[in-house]
């Protein structure tokens, strides 16, 4: 795969990552928050769930607009008639149909907050109906990735990679990362909606640390999966090449700083005074995801035959020599 991108395009890299995080990460945060409210009997988790479901709905709407635009651009492209597309048409349809059904259910889930107090169980089950196809839509995409990059048929016993393969942590990485990014963006959304919703000082003293804890916990899981990915690759590839190692190190540093800012919000008695920390956590989290993707691309450029997606890292390293 050869793809030449202008260097300025990498400045836009956080935008698709943000959109993908809202698509996959925000709905489960809303659902689990509602479950916490049901179990505890407290109103604040449900209000946080309501805000996150609205944020998720906006992300889903924008996501499908982008998908429709991409499909329209590809309608006359030779890729539509390629052997890969024709041979895996059912899986491609499932990869789109499953999350689209989840998006439709998410619309009902978000609109259903009006009657959620009287029909709590029904509303929660509707959230489950929305989240399950979104989740399995991701695994359909992961299956497509395995088909494309490994060249092994779906029916083959060797379709799934061996347990020691780096593909497992690579596929698992997005799940906690999407939750981490969605929680960080949720902190910013909390600030944007404060005047419009105005649910009282006590709610915001709960909601900001609540989302910051989501960010912290998921960030720790992301770091653990990154260590798993490094351990599975270090005996196969030289990950200490400057363009790979420095990008990965910058990614880990950005996430660590973002988690420190979230920790400040979590332990503060007046968390809404840490508005800069909330915004900073979101910006650094997106920078972390972007640099992590650059590190992965540089690894593929170096060690996967036929793969060429040049990034800005070589030029950036030359500036510091």
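Using the three backbone atoms N, Cα and C, a Cβ is placed for every residue, glycine included.
Whatever TrEMBL says is automated annotation, not expert-curated.
For the ranges 34-55, 276-297, the feature annotated in TrEMBL as transmembrane segment maps to 276-297. Annotated by TrEMBL as transmembrane segment, the relevant range among 4-22, 61-79 is 61-79. Non-local neighbours of the transmembrane segment (212-231) in the same chain are 29, 166, 169-170, 172-173, 176-177, 179-180, 183-184, 186-187, 239, 248, 251-252, 255, 258-259, 262-263, 265-266, 271, 278, 281, 285, 292; each lies 6+ residues outside the stretch with a CB under 8 Å from one of its CB atoms. Note on the transmembrane segment (168-192): residues 17-18, 20-26, 28-29, 51-52, 55-56, 138, 142, 145, 161, 204, 207-208, 211-212, 214-215, 218-219, 221-222, 225-226, 228-229, 232, 255, 258, 262, 265, 275, 278-279, 281-282, 285-286, 289, 292, 296 of its chain, located 6 or more positions outside it, place their CB under 8 angstroms from a CB of the stretch.
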